[in-house]
Amino acid sequence: MAGIFITFEGGEGSGKTTQIRRLADALAAHGLDVVTTREPGGTPGADAIRHVVLSGAARHLGPQMEGVLFAAARADHLEVVIRPALARGAVVLCDRFHDSTRVYQASDDPEEGAFLARLEWATLNGVGPDLTIILDVPAEIGAERARLRRQEAKADRFEEEDLSVQVERRERFLAIARSEPERCVVIDGQGDADEIAQDVLAAVEDRLDLDRLVKNRERQGS
Ligand SMILES: Nc1ncnc2c1ncn2[C@@H]1O[C@H](COP(=O)(O)OP(=O)(O)O)[C@@H](O)[C@H]1O
Ligand SMILES: Cc1cn([C@H]2C[C@H](O)[C@@H](COP(=O)(O)OP(=O)(O)O)O2)c(=O)[nH]c1=O
């Protein structure tokens, strides 16, 4: 693919939305074509699935079938938004992607795990992130930030769960980073948002060849 695909992962309130916005501004200032998007969602079909899953209407489904819904939303998003953007040479910044399914729909049952792995393979169909930024914050901090952000709005189906579940999810994200160090970078999400943005940009510049895209853009423009 001509473009670059970067995903942001981490628990709720870890700062994904904030940092995606800042990275998008920094990359656009380099003259790059930047697409920001999120999961579940990013297309009308995926947004409809988002509503079904996050409202809690399908809370009885269990991890495998919940994984199927997230996978269907992801397949639509890939087809309609992500693949075309990568094909034209854009940088795609996506708030959550397949690692969120690995973490949130994780199962201790080996057969369920094998099913979800196969589902992931079929959904991605050869397209995956070039880089994944995992924003790491203690679960209590993420939950408190999310609570402040929400104010009057209702918690979604996953935010309602106990802090111990959020602690487990943090561990699962860190385990993914350990198992795929060439793809994943863990960045401390505590502290000042501007400093975190500098760490994120440094990781992107270190791991990816942005110059190639800038030169392609210049060639297209001339
Ligand atoms: N580094 C930071 N320090 C303090 N608050 C932050 C920081 N980054 C984000 N926030 C605030 O925390 C809340 C959640 O951040 P957000 O970027 O929406 O996280 P996420 O998308 O991971 O849920 C928002 O109200 C945001 O303004
Ligand atoms: C993409 C994805 C999200 N989710 C969950 C994680 C979040 O709780 C929710 C998305 O909510 P959202 O409000 O977009 O995220 P955040 O908590 O980062 O602000 O969906 C899954 O369970 N599986 C998935 O594959």
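Backbone N, Cα and C atoms are what each Cβ position is placed from, and that goes for glycine too.
Lifted from TrEMBL, the feature list:
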type	residues	note
DOMAIN	8-199	domain 'Thymidylate kinase-like'
BINDING	Gly10, Gly11, Glu12, Gly13, Ser14, Gly15, Lys16, Thr17	ATP binding site
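Features recorded in TrEMBL, as mapped to the structure shown.
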residue: Gly10; record: ATP binding site; Cβ contacts under 8 Å, 6 or more apart: Lys16, Ile134, Leu135, Asp136, Val137, Gly142, Phe173, Gly189
residue: Gly11; record: ATP binding site; Cβ contacts under 8 Å, 6 or more apart: Val137, Ala139, Gly142, Gln166, Arg169, Arg170, Phe173
residue: Glu12; record: ATP binding site; Cβ contacts under 8 Å, 6 or more apart: Gly142, Ala143, Arg145, Ala146, Phe158, Glu159, Gln166
residue: Gly13; record: ATP binding site; Cβ contacts under 8 Å, 6 or more apart: Val137, Ile141, Gly142, Ala143, Glu144, Arg145, Ala146, Arg147, Arg149
residue: Ser14; record: ATP binding site; Cβ contacts under 8 Å, 6 or more apart: Leu135, Asp136, Val137, Gly142, Gly189
residue: Gly15; record: ATP binding site; Cβ contacts under 8 Å, 6 or more apart: Leu135, Val137, Arg145, Gly189, Ala193, Ile196
residue: Thr17; record: ATP binding site; Cβ contacts under 8 Å, 6 or more apart: Arg38, Asp95
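Listed in chain order, the extra residues whose Cβ falls within 8 Å of the Cβ center of the ATP site residues Gly10, Gly11, Glu12, Gly13, Ser14, Gly15, Lys16, Thr17 are Leu135, Val137, Gly142, Arg145, Ala146, Gly189.
Residue environment of Lys16 (ATP binding site) contains 23 other Cβ atoms, counted within 10 Å of its Cβ in all protein chains. The average pLDDT the prediction assigns to the domain 'Thymidylate kinase-like' (8-199) is 95. Checking the binding-site residues Gly10, Glu12, Gly13 against ligand 2, the ones whose Cβ sits under 6 Å from it are Glu12. Annotation note: Thr17 (ATP binding site) sits in a helical segment as assigned by DSSP.
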